[in-house]
Amino acid sequence: MEPAEEPDAGNHTLLTDFVLSGLSSRPELRHLLFFTICLVYSMTLVGNLLICMATVHPTLHTPMYFFLRVLSFLDISTASVVVPKMLVNLLSEDSSISYPGCVTQLYCVVFLAATEWYLLAAMAYDRFVAVCSPLRYAAIMNTRLCLSLVLLSCCSGNVVSVVQTAWVFTLSFCGPRRINYFFCDIPPLITLSCADTSLYEKQIISATALVILAPFCLIVLSYACIVSSILKISSAESRHKTFSTCSSHLAVVTLYCASGTLIYLQPKSSHSQDTKKILALVYTTVIPTLNPLIYSLRNKEVKEVLIRVM
């Protein structure tokens, strides 16, 4: 992919970089935002690293904790793709990002987000088998199937990311090079294009349906079967324990679905750009911080191992 050309007073020059406007245009908020985001990022790293360390423990060698370890790794990666550059820009007068850097960042963000969605669907299937077929759980959710589901999630995420990134950067960027965002993402990039993007907007809605809504429907179907099976359990204590295990995963899915659909289902929606920035900040920074808290605080086994690790 070659950098698009940008007209400049009759001369065509290569567009070699973009300028990220950041979270806020108010300079007095820069230091406050820097320390707040730095704190949240530190919590993301520490929390998810602890989850990765805890789920390696012999007592947690089950498919559920294997998927949780992969999820924590994806959360660390997602935050690390976006936050360090954002922190540098908050303290620097130069908030530019090179053309190749923007391409790379967009690819990584889409790849990690799509992979995470497919992984959440795999985790829902794991809970479905555990609740609805407990006697066959070990035979069905074997090591080979778990690795295959993770690999399939990564391959699917890669295909989605390659297609979306290639499509975005085949557009002609002939307007201003300032991106009204804090990282390179699809909605703010297509607003810079001088070409007709109506076809692309329809395509991105289809891609969003494929990446978010299709896994979400599978997750809802899995949980409908799970709830039906739980209601048949006679012991109230067993019902509560099963609901508690599944509710952690469902809470994460709800957070991702709400923020992701509002950002990508309407690339040029009536929502203000500041609203989309907040949603994107939640999606890339806040949720990765909440995941360890959701899973550890609601899971007795993880809490016990975390105490030993710490």
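Note: Cβ is positioned from N, Cα and C throughout, glycine not excepted.
TrEMBL does not curate its annotations; it predicts them automatically.
As recorded in TrEMBL, the features of this protein are as follows:
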- 47-295: domain 'G-protein coupled receptors family 1 profile' (DOMAIN)
- 32-54: transmembrane segment (TRANSMEM)
- 66-84: transmembrane segment (TRANSMEM)
- 104-125: transmembrane segment (TRANSMEM)
- 145-169: transmembrane segment (TRANSMEM)
- 204-231: transmembrane segment (TRANSMEM)
- 243-266: transmembrane segment (TRANSMEM)
- 278-297: transmembrane segment (TRANSMEM)
Going along the chain, which residues at least six beyond the ends of the transmembrane segment (278-297) come within the CB cut-off of under 8 Å?
23, 37, 40-41, 43-44, 47-48, 50-51, 54, 68, 71-72, 75-76, 78-79, 81-83, 109, 113, 181-183, 185, 248, 251-252, 255-256, 259-260, 262-263, 303, 306
Select the range from 32-54, 104-125, 204-231, 243-266 that forms the most Cβ-Cβ pairs under 8 Å with the transmembrane segment (66-84).
104-125
Using a Cβ-Cβ cut-off of under 8 Å, list the residues of the same chain that are 6+ residues beyond the ends of the transmembrane segment (243-266) and lie near it.
64, 113, 116-117, 120, 123-124, 127, 131, 185-187, 204-205, 207-208, 212-213, 216, 219, 223, 226, 230, 276, 279-280, 282-283, 287, 290-291, 294-295, 298-299
On the 0 to 100 scale, where does the mean pLDDT of the domain 'G-protein coupled receptors family 1 profile' (47-295) fall?
84
